[in-house]
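Asker: Would you mind keeping the following structure in view while I ask a few things?
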Amino acid sequence: MASLAATRHALRVPSQLRLRLFSTSSLRAAQEVKRLGVVGAGQMGLGIALVAALKAQVPVTLVDSSQKSLDKGVAFAEKLLAKDVSKSRITQEQADAARALLTPATSLDGLADADFVIEAVPEIPALKFDIFSKLAQICPKHAILATNTSSISITRIAASTTQDPTDTTNSSRVVSTHFMNPVPIQKGVEIISGLQTSQETLDAAVAFCKRMGKIPSVSADSPGFLANRILMPYINEAVICLDTGVGDRDSIDAIMKNGTNVPMGPLQLADFIGLDTCLAIMKVLHEETGDSKYRPSILLRNMVDAGWLGKKSGKGFYNY
């Protein structure tokens, strides 16, 4: 019996070639995205919505079940736009135009006219599965359904869109557009296709991310994908070094900054990402690979349990 890896190889175009197979029809598809939907008004969702409005100049419906989160997100978007104007990065007219393109909504029903939807909710598999099963019913049949997941299997998310695994009408339009944080600053975005994802969906996702001014990289649907498969064990090992006394906080961050020319050390970076996010990703890597090298640090677990999540909570490895 052929192995799963061999089957996937036979079914799919090699990832390193996909960007070369970028078609003119995909370019047209990206240009024809007349409304973007973003689910989740947190830091990532807001960043995606704002960049889409500012760079792609597309109307965006920003959905969150919490009106408080929506109000907070929109206020933060206005603050970011004002900052860009003050630094002469954009004009006041551009800021006003981008703000006018953002429409908040508290129900997924507001995405009934979206051509492309990006989900950016917390890394909770059941939550994402529920959202995608609903999006498959609410959104137009041509709409691309994308997830910003940083670690959860795209194949599993795509499977949640149908009751019949042999019917790929919905699952073939599911893809991952994993943006880097903070979205307005970081250029990179990972594009990950599940087993069901069509080439047209993949190409359209790449095209729209380029329209947003991003630089896409294509990854296979493997735990952690590319960025977090490399980044999170690095952060986790730094936490272990701190916990076991190999070095103190400042020494750990200083040697990586001054020795490898990165802008911030791993512990400070973890604070900016969110320690709860780091822990969630490490758990997925550990559980899905079964490899002990991905076991989350005890200190990382304890800090999350204490509510010390990093910059967003005011305390992590540093105080904010």
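Start at 1 and count along the chain as shown; that gives each residue its number.
Quick reminder: no glycine exception, Cβ is built from N, Cα and C everywhere.
Feature annotation from TrEMBL assigns NAD(+) binding site to G40, A41, G42, Q43, M44, G45, D64, E123, K128, S150, N181, K312. Sequence annotations record features per position, and here TrEMBL assigns domain '3-hydroxyacyl-CoA dehydrogenase NAD binding' to 36-219. Under the heading domain '3-hydroxyacyl-CoA dehydrogenase C-terminal', TrEMBL lists 224-320. Annotation comment: TrEMBL describes H178 as site 'Important for catalytic activity'.
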Asker: Mean pLDDT for the domain '3-hydroxyacyl-CoA dehydrogenase NAD binding' (36-219), as a whole number?
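Answerer: Its mean pLDDT is 96.
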Asker: Report, as a single number, how many Cβ atoms besides its own are within 10 Å of the Cβ of G42 (NAD(+) binding site).
Answerer: 17
Asker: On the DSSP side of things, how many residues of the domain '3-hydroxyacyl-CoA dehydrogenase C-terminal' (224-320) fall into helix, strand and coil, could you say?
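Answerer: Secondary-structure composition of the domain '3-hydroxyacyl-CoA dehydrogenase C-terminal' (224-320): 66 helix, 3 strand, 28 coil.
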Asker: At the Cα level, what's the spacing in Å between G42 (NAD(+) binding site) and H178 (site 'Important for catalytic activity'), rounded?
Answerer: 15
Asker: On a simple 10 Å Cβ count over all chains shown, which one of the binding-site residues D64, N181 is most densely packed?
Answerer: D64
Asker: I need the most crowded of these recorded positions: K128, H178. Count other C-beta atoms within 10 angstroms of each C-beta and give me the top one.
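Answerer: Answer by Cβ density within 10 Å: H178.
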Asker: I need the CA-to-CA distance for K128 (NAD(+) binding site) versus H178 (site 'Important for catalytic activity'), whole Å please.
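Answerer: Spelling it out, the Cα of K128 (NAD(+) binding site) and the Cα of H178 (site 'Important for catalytic activity') are 14 Å apart.
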Asker: Roughly how wide, in whole Å, is the group G40, A41, G42, Q43, M44, G45, D64, E123, K128, S150, N181, K312 that binds NAD(+), by largest Cα to Cα distance?
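Answerer: With G40, A41, G42, Q43, M44, G45, D64, E123, K128, S150, N181, K312 as the binding residues for NAD(+), the largest Cα distance is 22 Å.
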Asker: Given G40 (NAD(+) binding site) and H178 (site 'Important for catalytic activity'), what distance in Å do their CA atoms have, once rounded to a whole number?
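Answerer: Counting only the Cα atoms, the answer is 14 Å.
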